[in-house]
Structures are given as structure tokens and as C-alpha cells.
Amino acid sequence: MATVFERVKKVSVEQLGAEEKDVVPAASFADDLGADSLDQVELIMALETEFGTPDAKFEIPDTDAEKLKTVQAVVDYLKSKGIKDS
């Protein structure tokens, strides 16, 4: 059973090459995990893939993506959109 946080952490490690120990709720993608703007776009796309299903595409609008600066912000956003721990 994977929590939303664990899934966000997995995607962050894969996309950003970050160390697992560094991907904590308060971590900033840019400041703590070294993501540049392109990395952040690719991270959002990977999150859309991770949390979408073949039957229900999951999309994070650019206006929302711009606000997702930390790991916890992403977790909170996903939960607000109905994503649950599995």
C-alpha cells in the first residue's frame, strides 16, 4: 500500500535524480532538490502519468502547477483533487 506522499517521493527521485532521504514534505523542488524550470515541468508531467489511469486522465493545469513548490504542496494538491492513499 503506497501513500500519496510515497508515490510523489518515488516520482521525484526518478525525475530529479534526488536522494530519497532528501525528498521530505518540506523540501522545495528548486531550492532543496535542485530542479530547474524544465525539471519542474517534467515532474508535473510525470505526476500526471503516475496519478492518471487509462480511463481517467489526470491533468494539473499550468496555473496550479506554478504554485506547487514543495513536496507537501503537491501531496496536499493531489489529495484536494480526490487522490487517496492506495
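Placement of Cβ uses the backbone N, Cα and C atoms for every residue, glycine included.
As given in Swiss-Prot:
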type	residues	note
DOMAIN	2-82	domain 'Carrier'
MOD_RES	Ser37	O-(pantetheine 4'-phosphoryl)serine
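Along the domain 'Carrier' (2-82), the predicted structure has mean pLDDT 97. The Cβ of Ser37 (O-(pantetheine 4'-phosphoryl)serine) lies under 8 Å from the Cβ of no residue that sits 6+ residues away along the same chain.
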